[in-house]
C-alpha cells in the first residue's frame, strides 16, 4: 500500500483447487506458465543437504527439462526452504504432490503502504534523550521496501565504525551502488538494482534510523533537523518493490535473507487491500520465521480507512501500526477578496507573491461536452479553457487535479474527501473540508466583488491530541477475531523524511527532491520500528513479544477521526506509542513460538496448514482446549455472537516482572466506549518478590446488549505507584 497520494483455514488440496480453478485448460506449453512459490518449510538439518541442488532437481523432474534456465526465479535457502519458479498448470499439480513440498501458492503483487515527529513523541535529539550508543551502533534494522538512496545524507557512513561482527549480509545493490558503515547492506529482488526510484523505501528507512541532518525542508516548508528514531543504528535495505507492486516471491526471499543476515528488527510497510489467511500471506509466513529467530517484524496496518475490517496485517506475531497526527500540521489558507479566510490542507510550496487571482467554479466553465454537474467536479474534457486560464479553479472533488494544468489554471481549490491530510501538489492548491468549501461556493455565487483569492501555506502547532488519520485502516480483525488489530498508532500524517531524487512526488508532479512530506501507515510503521530498536538497545536479550508488550502497555490514550466503530480501539489499538515510557514498562506479556502454535491450533488449523505457516510438522492435541483469546497478548478482545443478549467472557493472562523486586501491583478498570462492562480481575493484586518472576490472573467480563454499531471497551491498569501497565479490553458483536 503506497504512501497516500492525492487522491478458511483450507487444506493443501483445497488450496490447489482454488489456484487451479482459474486455469481453463491444462497445458504443458511453457508460454502459459506463471510464477508460483513452492514452500518446503524449515531447512533440513542434514549436513549433506544443499537446497539449490534439491530445488533444481525438483524442477528438472517436474518439467522434464535438463536445463531450467528461465524457470527458477528464486531459491530460499537461508532461513527456510523453498523456491519460486515458472510453472504450467500441470507442472503445478505435479510439484504439489512431491515429497517435501508443504504448499504451492501463486506469486502475488502487494502494494507499498505509504521530523518533528520524534520530538513530538519525546525522543529528543542528542543528549536530551537517554541513549545506549554502543548497543545502538550494533543494532541493525532491515527495511523491506522499494530500495534506498545510498548517497542521501540520512545514510552517510561518516563517523561510524565497521559493521557489527554479527552482520552476515552483503552489499549487492547493483551498478553505481555503494554501501558504507551506516548503510551496511543491500539486496535486490527486482532485477533493477537496490537503488530507490520511487522514494518510499528511502523515506521509511530514514524515518526509522536515518542520521540527523540539519536544515532540511520541503521547499522551505517544515525546516529543521530530520532524523530517525535510532540514528546511531545500521540499516540493511531489501528491495522487493517496483512501481507496479511488490511480488510475494521477492518478499519471501527478502525475509529469508534478512533473518540469516542478522538484522534485529524488520520494518515492512507493504500489504494487500485486505487481510489474507495466514497460510496465503507471505508476510505472515516470513514474520513467523523471524519471530522464531528472535526478530520483531513491524508492519503497516494499511490505508483503506475509515472503512471497518480493512487492517491487512493481523497475525499476532506481527506488530501492526496505524497512522496518526503529530502536533504539527500543514495548512493552506484561502484568503478571499472580502478578507474572509478559509482553512484547507496541502503542502503548498508555491509563492503567489501577494497577488489575488479570480476564482472560477467548474460548473461555470462547462464545455459543451458536459453538463454543469459534471463540470462542477472538473472532469477531463468538461472545462472550457478560455474561461479558466489564469484563474484559480474551484472543483467539487480532487479530480480537478488531473486537468488543472492542461486548462491553464494558476491554482486549484477543491473539496477534499480526506480533509485531515495535506497532500503535495504540483501547483498552488488547497483541499477544503465540506463546510469550508460550501462557504467558498456561497462566496463565488454571491454578488460580492471582487471574487478573488490567494493561497498561503503555513505550519501550525499545538494540536491537543493525536488523531488517527481517516485513511488509516481499521479493525476488527477478520482472520483472528479475538486478536485486537491494529496494535498501536504512531505519527504517519505529513511526515518529512529523506526521499529519492529519482522518484516523483506523484503522477502529476515530476519535481525531484531529496526530502519530502508523505502520509500513510507506511510512515507510521518505521516510527514504531525505530522505537522497538530503541527499546532493544537497552534490553538486547528481550524477545520480540517483550518489546511489543512494553510499547503497547505504555501507550498514550488517543482519539480517532470519525464516529462509530471507526473512532474506537479498532482505529488505534492500545493507543499512541510513547518511546520513553516503553523503556520502563514494569510488567510485560511474554509469548514464544509454542504459544503462537497453540493460538493457531485454537483456529482449528490442520497439520498441513500449520506446516505452511511454521515450516514444521505439528499436531494439535485433541485433549487440550485452545482459545485464541487466551493467547498471552497485551490487549484483550472477544467477538460475540449477535444472538448473545447477555454474555460472560474470560481472558487468562500471565505477566513477567521486569521492573523492581518486592513490588505489588493493584488492578484498576477504567470504562471505555459503548455499553458498560462489568470487569472482575482475579486476583486483583499481584505481588512479585524478584525480577523476571511471573504471575497469572484471569479477567472476567460480563455485560448485555452490546451495540451492534459500536464495540464496548474498558482498560485494565496494573499499577505499583510508579508503573501503569494498561491493556484495552474490547468486546464486540459479529455484525461488523
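Residue numbering: from 1, along the chain as shown.
Using N, Cα and C of the backbone, Cβ positions are placed for all residues, glycine too.
Remember, TrEMBL labels are computer predictions, not curated facts.
According to TrEMBL, the signal peptide annotation covers 1-25.
Positions annotated as domain 'Inhibitor I9' by TrEMBL: 35-113. On the 0 to 100 pLDDT scale, the domain 'Inhibitor I9' (35-113) averages 83 in the predicted structure.
If you look up TrEMBL, you'll see 137-575 marked as domain 'Peptidase S8/S53'.
What TrEMBL records for 145 (among others) is active site, charge relay system.
Per TrEMBL, the feature active site, charge relay system maps to 200 (among others).
Its Cβ placed at the centre, residue 522 (active site, charge relay system) has 34 other Cβ atoms within 10 Å. According to TrEMBL, the feature active site, charge relay system maps to 522 (among others).
The domain 'Subtilisin-like protease fibronectin type-III' annotation in TrEMBL covers 630-731.
Note on residue 145 (active site, charge relay system): other Cβ atoms within 10 Å of its Cβ, all shown chains, come to 31.
A straight line from the CA of residue 145 (active site, charge relay system) to the CA of residue 522 (active site, charge relay system) spans 10 Å. Separating the Cα atoms of residue 522 (active site, charge relay system) and residue 200 (active site, charge relay system) is a whole-number distance of 8 Å.
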